[in-house]
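Here's what Swiss-Prot has on this protein:
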BINDING   Ala47, Ser48, Ala49, Gly50, Ser51, Gly52, Lys53, Thr54  ATP binding site
DOMAIN    26-488  domain 'UvrD-like helicase ATP-binding'
DOMAIN    514-801  domain 'UvrD-like helicase C-terminal'
Amino acid sequence: MRKKSFLSPEEISQLQHFEATSSKEQKRTAEQIEAIYSSGQNILVSASAGSGKTFVMVQRIIDQILRGVSIQELFISTFTVKAAGELKERLEKELSKVLKESQDEELKQHLAKQLAAIATADIGTMDSFTQKLLNKYGYLLGLAPNFRILQSASEQTMLQNEVFQQLFEQYYTGEQKEIFEKLVKNFTGKKKNISGFRQQVYAIYQFLQSTSNPQRWLQDFFLKGYEETDFSRERDKILQQVKGALFDLEDYFRFHLDNEGREFAGAKYQENVLLALDKLGSLQELSSEQDYFRVLKDVVLLSRASGGRALTITTRKEELKELADTFNQGRKERIEHLRGLESSIYQFEFLEKYQDDSLPLLDLLRDFMSDFTQTYLERKKTENAFEFGDISHFAIQILEDFPQVRSFYQERYHEVMVDEYQDTNHTQERMLELLSNGYNRFMVGDIKQSIYRFRQADPQIFNDKFRLYQADPSQGKLIVLKENFRSHVEVLEATNDVFKRLMDEQVGEINYDETHYLVAGNPTKASPDPKNRAEFLLYDSTVASEELSEESISAGEVSLVIKEIIRLHEEEAVAFKDITLLTASRTRNDIILAEFAKHNIPLVPDGGEDNYLQSVEVMVMLDTLRTINNPLNDYALTALLKSAMFDFGEDELARIALQKSQEKSQENLYEKLENALTNQGLHPDLILPDHKKKLELFQKTLLSWRTFAKTHSLYDLIWKIYQDRFYYEYVGALPNGAQRQANLYALSLRANDYEKSSFKGLSRFISMIDKILENQHDLASVPYAAPQDAVHLMTVHKSKGLEFKYVFLLNMDKAFNRQDTSSSIILSRKNGIGIKYIADVEVEYPEKVKPRSIRLSMDTLPYQQNLEEIKLASLSEQMRLLYVAMTRAETKLYLVGKGSQEKLEKRSWGQAEQGLLSASIRSQTTSFQDWLYAIQTVFSEDQLAFDLRFVRDEDLTADKIGQIHHSNPFDADDLTDNRQSEDIGRALDILESVDRLNSQYRSAIELPSVRTPSQIKKFYEPIMDTEGMDIIDERVAFRPQPNFDLPDFSRKAKVTGAQVGSAVHELMQRIPIDQKPDMAVLKLSLKQVQAEESVKKQIDLNKIASFFETRLGEILLANSDKLHREAPFAMFKRDEISGQDFVLRGILDGYLLFEDRIILFDYKTDKYKEASELIARYHSQLDLYAQALSRSYGISQIEKYLILLGGEQLQVVQVD
């Protein structure tokens, strides 16, 4: 298709006017139109929350495609894989719509090609692109294309520890071992071991990974702060601060004496004030530095006289107390400032003398980091496994060192687009620069929503471009989208009222002015509604405030939220699914879960703490594996014996523990167990016959597992344990069984993935797990199906990009995490490293007293500079986190915290400064709640768009909280019936009705509580056909006959259809489908299948390959990100005869999850003549699968397919 020209500025202006005067109900804004159609230069779109940035991106891409640009000519970077998938779906939908409406055949052909190319277009995360680039050009750096990604933090730590230990030993015995020993001691802290130093090395390494070139940054910036330190300039800064503080105090005292001080004439404090003024008056502008420092010292010393009250007004006259308090507060602030300056001078003198002594240590640290970074990289190369940061660095190296590759991409891409630009790090920015031709970048983001500093994202990359383009449009076009189409006006006004008083360049990194104000863009949400007014709710507990931890949420705080949720649900018919609770972190949310359960409100936590390895069922399995690996591990063996698999009680374990043999003084528990079995223990009489049978069963089972482990994979071993002891079924019957089974299933898959790597064997697997736990890491929890209509609980970070009708931001009083400001090392991109240096300071003692020096920790000047920088950055990010949380709400916003009303009212919140909270209050505040309360107090005369309300215990009684009235009449009864009852009469009534219930519900009694889909039809038929009559005829009842035939071991067992079917299912699960698999890939996948060779030979790989030639196979390949394979499910079904529920469990072979439909497919290896036979046989089974999916996702349109592999040719048939 011939390319069309892009709109000129004049044409864009005309389009904006046309849109503004049109009769459309929802019009595009002038800024949206400008962002969609502008071209010819770099463009930065600052898109406020809810301003339709995704709409703008999609429409811009569509417009470029309509002008003849191919989707393959666009580079589109998204922040997450999920965002990339959603963008592709939107593009598919929009292109399909345009294709359907178009009458131009040439355009239709072009659009059809673009639709087909979306799946392979460069739309995805930067990580996915750099992997693709490295697969293609990695050979230029000598890298193999079959590398894998080190995604597990635990595996990374293991490799890092190996490299660190090796390098540490080299340096510790090297030429500079004395300096190195001093370097290590500088960071050991109280632990007195090398873990403190190792922790700092890993922290520096993580920082280096976010730079575009770690080695270059080490050489150019690492020591920059120390190399550029100018002590004379710093001393002059302190002097200027001292001058300003002393003159300010002099003015304050003189003003006081000339005015309100007359009310206190003759008071003792005034003598001291006059004495201070004499000293201050001796100073002149040209006085020496020493004069100023001497007067500072004298005034501070005077302030400490009389127990620190020498300059304090004390009065018993009530009418003068307010004047006295005002003076005392002002005096206190100024004197504290002077004391801080005196301390700074004292510290500065030490720094001048000792800071340079730290340079040899820092030089060596730089060398160590350079060696560590390089050696660790070489170690990863031997494993052919890399971190995402490594992949990015390789990609940058290829683009920088090979101009022909760089030119290829710069010429290929018509435009380089990036979403969520505010969360870009320096590595990603360098990649974007190299892919761009210099004037074809399109960047969309919002600095107010940059909340990933802990991932090394740098919002200043966005901010620098914002300022540059704002000041000089020739450098690039700045477009600001501030209309919010998501939220009601009450949410927008509350957000504006908070941030225009909170955020500026000084504290917040941007000025929240008219440029950034949120404006209602949706006409239907622009009219005020009093019931949607934002609320600031504080739980005023009667408990002493010391007992309420700021870190956790109190039960009272949760109760006030529950009270409001019940009101919304009962009075305003708000669905639970429309309500979301936001917290700052994933941890310490147990109280929320418990309180919601108590009030029968469904709650779904969206992503819990990474505590997979701490789940009971997984811990039991890990102890089982430890015992198989080494039975002499007493802890693991005890855990296994006590588990539900073998159920040994405390008494039985004690009896075993007493079975020590006479010959040995010390024995492990397993050895004592063997003594018990052979009657060789000291107390054989304690081992009773039943007890001995349990021991024999345990011993037999354990030995069989140990034998099996020698010749089979971890995956097979784990499933053998599940099957031998029915452990998988057992945990499924426990509370939260679906989650527990998902955890066990994931353990087998993780073990399988582990053995796919270069690591092999049970011993190394156990070692890896133990190292993970030793380093206080864990693995991510496993997701499972959750109820549809439930309140959601998630972190603010998790909520970014989402929207919810009603939002409760909880635990507003939680103190900000200041951990990064207490580290002994602080890194700055501009200034390099800053450290706390432990110096050997000489002291004057009598000659006989030793030592003659002490170790003194001092904050070096670069450390102090970096600390101020990081404090500002941290506070600014907390402001942005609050902004993200507040702008998630569509209808109503609740800000919830806790605190003593009395104490909050007594606190000083400062004065307004140019319409904002004072800089000191904003920078010293430690929680969201303090910011909100300060704004409410300082600007109490303003008509703020949120209401403050304290809630007390008397407002949260059971009667006042209320209860949920379930629409299902059985729910409340069920909850009551499940509790223990002390009502004896009622219990007798139940007992008397047993016979009647047995008769009435015979079908349900005969029907097991848990079945699989394939068993249901076979099970129902005999029960339903009898219509309640006895199922088994006593005369023809089956009685097993003894069979003494010995097995013939000379003949190999015949391969069964079930074995082939299981192997085929495992094969289809293992085949990678990120691209069309060829025969080599299929053979490799088959080799990994855990089955006998005789079984594998029965599998026709040509049929498997032909599947990917079918329409369904092509759809799978094109939508691999939507594919779910071997997915377990569970759902309730109702027995038609008895009306009772039973649990249906099964595993789906696979399905594709789209936004509006699901494609379900099932593999069948049954032999057949006509496909209709299998359709009839499995129709009901697929219906059950479809019901399960429909219930889980709330999607009614489900396409069902059978993939038939048992005929002469492969067939894919759709089942209606």
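Glycine residues also receive a Cβ, built from the backbone N, Cα and C atoms like all the rest.
Keep in mind that what you see is a predicted model, and the values were worked out from it rather than measured.
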(message) Other than Ala47, Ser48, Ala49, Gly50, Ser51, Gly52, Lys53, Thr54 themselves, what residues in this chain have Cβ atoms within 8 Å of the centroid of the ATP site's Cβ atoms?
(response) Asp446, Leu481, Asn484, Phe485, Arg486
(request) With an 8 Å cut-off on Cβ-Cβ distance and a minimum sequence separation of at least 6, pull the same-chain contacts of Ala47 (ATP binding site), or say none. (result) Lys53, Val56, Val444, Gly445, Asp446, Leu481
(request) Calculate the per-residue pLDDT averaged over the domain 'UvrD-like helicase C-terminal' (514-801) and state the result as an integer. (result) 84
(message) Under 8 Å between C-beta atoms and at least six apart in sequence, can you list the same-chain neighbours of Ser51 (ATP binding site), or say none if there are none?
(response) Leu481, Lys482, Glu483, Asn484, Phe485, Gly521
(request) Output the one of Ser48, Thr54 that, of all these binding-site residues, has the highest number of other Cβ atoms within 10 Å of its Cβ. (result) Ser48
(request) Give the sequence-ordered list of residues that share a chain with Ala49 (ATP binding site), lie 6 or more positions from it, and have CB atoms under 8 Å from its CB. (result) Asp446, Lys448, Gln449, Asn484, Arg486, Ser487, Leu518, Tyr883, Val884, Thr887
